[in-house]
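According to TrEMBL, the protein carries these features:
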- Glu301: active site (ACT_SITE)
- Cys160, His300, His304, His310, Met318: Zn(2+) 2 binding site (BINDING)
- Asp235, Gly271, Asp273: Ca(2+) 2 binding site (BINDING)
- His245, Asp247, His260, His275: Zn(2+) 1 binding site (BINDING)
- Asp252, Gly253, Asp277, Glu280: Ca(2+) 3 binding site (BINDING)
- 375-428: compositional bias 'Basic and acidic residues' (COMPBIAS)
- 181-345: domain 'Peptidase metallopeptidase' (DOMAIN)
- 73-97: region 'Disordered' (REGION)
- 351-446: region 'Disordered' (REGION)
Amino acid sequence: MIAQSGSEKKFTSDEECVIAEDIKRRQNRLKTVGSLEGIGVRNLLRMPRPWLPLSLLLILRLSAAAPVGPVTESPAEVSADHQGTGGIGNQTTGPRKDPIKAVRFMRQFGYLEAVTPEAEALYSDSTIRDALLLVQKFGAIEETGVLDEATLRLMEAPRCGVADVKPESPGIQRRKRYVIGSEGWKKRNITYRIVNWSPKLGKAVTEREFQRAFSVWSDYSRLKFTPAPPYFPADIEIFFATGAHGDGYPLDGPGGVLAHAFYPYEAGHWGGDVHFDEDEEWRLRPAEDQGIDIFFVAVHELGHSLGLAHSFVPTSVMFPYYRGYVQDLTLDYDDIHGLYQLYISSYTAKEEEAEERGNHDDEEDNEVGGGENGDGDRNDVGNGDREEEERKGESGQDVDEGGKGGESEGGRGGESEGEDGVRKGEGEKGEEEGTGEGRSTTERNGCAGDCVTVEAHLGCQAIDICRGKIDAASILREELFFFKGECVWRFKDRGLIKNGYPVPIQQLFQFLPEKVKRVDAIYQRLNDSAIVIFAGNQFWVSDGDRLIQNSPLPLSAYGLPSSLQKIDAAMVWGKNDKIFIFSDDRYWRFNESTSMMDEGYPQPMGRWRGVPENLDAALTWTDGATYFFRESSFWRFDNTIIKTEEGFPLSTSSIWLGC
């Protein structure tokens, strides 16, 4: 601690004396640092100690090798040891030395313990140096313990978002090159679902490349990977997203983190899932600097989904940094050893004996010791009774109140009415039974002869939202809803269905009479957040709990023609916050301020250039664009030039519904 008496400064440790002397030497060139812009070095000594670690100690510790600022260096002057892999050392101008950014990197990827600003003084010289040595080791560059140019380039290189070092991991010296990140799956049959895909790749390419990626791992793990059947949860879910997407680990846009994954059973229902940054330029076998190879990144991330952590061996597919397109990519010796530890060494003598006899049954084929952790359980989707413990997310609350996307899977936890007034799911659905061989469809779904039809028993689960058209769509209480028939689907984002959905319309909106068998249009008013629901020649207004405004009312009470039997769509247009109502080849504009239709309406649909007639739904999405839906397609509408964008229509089911 620095003690002050008037203008005299006294130091209580030799380290602080060294700091003061170094400040005098650097005073002419260090005027501002990081977040301390505009504060002279002389004044730093007068600051309380919590400022010292980032403003002074980190500068002295991290910047000892070179001055702050860009350094010009030709590629030939960068040694091979400093170049690493994937073009890390190919810049001709060094990045600006930013100690604060370097510390953030080391925290993000586990090299430094995340602490409060008041505790940052705990970062000693040796802590910083050891962290840098480990960063350099994982990047396969020269281990100097100094924040040099090669290390700065490494920190800016594209890579995986999973931490390199877990909090419980030992230091730099480790007994094994390969690292077990967590327990492995406690079963041999692993299901997966591709929730959505990047338009840059398309559905067919995405599915093919992920099948190839799974094959890379199945060849050495004795695991079987199969797509999850409809209406069943998947062990591994794969989707593309941008920014914050509900799991607490936002994606960072182009460059930097390309994707991240969760270990088996990690983070509740997220366990095993893989999230790709849609902002990246995903390509198939791209040339250098022409994009990111989806296959290479998929193989790497699926390694995490199986329980492997990062390896500091550059030839390992679990090396944390992107290496570019690799022809004939195969697992490294390091990766195979990790798989062996997780899935092969625990293969029991009983299973070995049964395999030799060639008669091991479904149960034996599906059990696995899970590597160094735990006993086996079962995964019998389509292969026998379904064990309760197999269901993902059976305990614990969903991250960000969200759930795993999928094809209408059952709820994972009871939900109640929220503050927003929109009623959430009615709780955990009953445990589904397996689709065991020899059972009828009726028996599999719990009817056993007590149902008239399977469809009647399944209810909303029998409706395939991926086929045909939707009836309505809207954003209510900042969540996305799609309606089809008597059911409603609730999404946490495009393609990501929330837990427990679909449900009957009356389960979500209990005030609606049973006679309402479909919703034609729905929107949320801006002035009071009331929800307006159109069905047939009537509409209902609700505050979320109950009906208001003498609902239901005829369409004519809205200023629409009395002869109109139904509307097609309704939305609050993001461009001017006016309400637009569409029917056949006409549309009306409603003014909430006057509670009347604006003069001069209806107008022909042709004024919305490129938008088709006879719409099914319309909404303004969070990206500021307006989307129109008809049949199985959707159009994106540019609110500035008042015209649909090029490249549309596209498939509604693949991009919005997660099909």
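Here the Cβ of each residue, glycine as well, is placed from N, Cα and C on the backbone.
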Using Cα coordinates, what distance in whole Å links His260 (Zn(2+) 1 binding site) and Cys160 (Zn(2+) 2 binding site)?
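Approximately 6 Å lies between the Cα of His260 (Zn(2+) 1 binding site) and that of Cys160 (Zn(2+) 2 binding site).
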Would you count the other CB atoms within 10 A of the CB of Cys160 (Zn(2+) 2 binding site), including those on all shown protein chains?
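Its Cβ has 23 other Cβ atoms within 10 Å.
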With the Ca(2+) 3 site defined by Asp252, Gly253, Asp277, Glu280, which remaining residues of that chain have Cβ atoms positioned within 8 Å of the Cβ centroid?
Thr242, Leu251, Pro254, Gly255, Gly256, Val257, Leu258, Glu278, Asp279
Under DSSP, is Glu280 (Ca(2+) 3 binding site) part of a helix or a strand, or is it coil?
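Glu280 (Ca(2+) 3 binding site) sits in coil per DSSP, no helix or strand.
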What Cα-Cα separation, expressed in whole Å, is found between His245 (Zn(2+) 1 binding site) and the residue listed as 'active site'?
17
Please work out the mean pLDDT for the residues of the domain 'Peptidase metallopeptidase' (181-345).
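In the predicted model, the domain 'Peptidase metallopeptidase' (181-345) has a mean pLDDT of 91.
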Taking DSSP as the reference, which of helix, strand or coil describes Cys160 (Zn(2+) 2 binding site)?
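SS state of Cys160 (Zn(2+) 2 binding site) = strand.
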On a C-alpha basis, identify the one among Asp235, Asp247, Asp252, His275, Glu280 that is nearest to Met318 (Zn(2+) 2 binding site); the candidates are the binding-site residues.
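Closest by Cα distance to Met318 (Zn(2+) 2 binding site) among the binding-site residues Asp235, Asp247, Asp252, His275, Glu280: His275.
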Please identify which of Gly253, Gly271 has the densest Cβ environment, defined as other Cβ atoms within 10 Å, among these binding-site residues.
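Per the Cβ count, the most surrounded site is Gly271.
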If you count the other Cβ atoms within 10 Å of each Cβ, which of the binding-site residues His245, His260, His300, His310 comes out on top?
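Counting Cβ neighbours within 10 Å, the top one is His300.
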Sort the binding-site residues Asp247, Gly253, Glu280 by C-alpha distance from His304 (Zn(2+) 2 binding site) and give me just the closest.
Asp247
Looking at the recorded positions Asp235, Asp252, Gly253, His300, Glu301, His310, which ones sit with their CA no more than 10 Å from the CA of His275 (Zn(2+) 1 binding site)?
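Hits: Glu301.
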Looking at the binding-site residues Asp235, Gly271, His300, whose Cα is closest in space to that of Asp277 (Ca(2+) 3 binding site)?
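Comparing Cα positions, the candidate nearest Asp277 (Ca(2+) 3 binding site) turns out to be His300.
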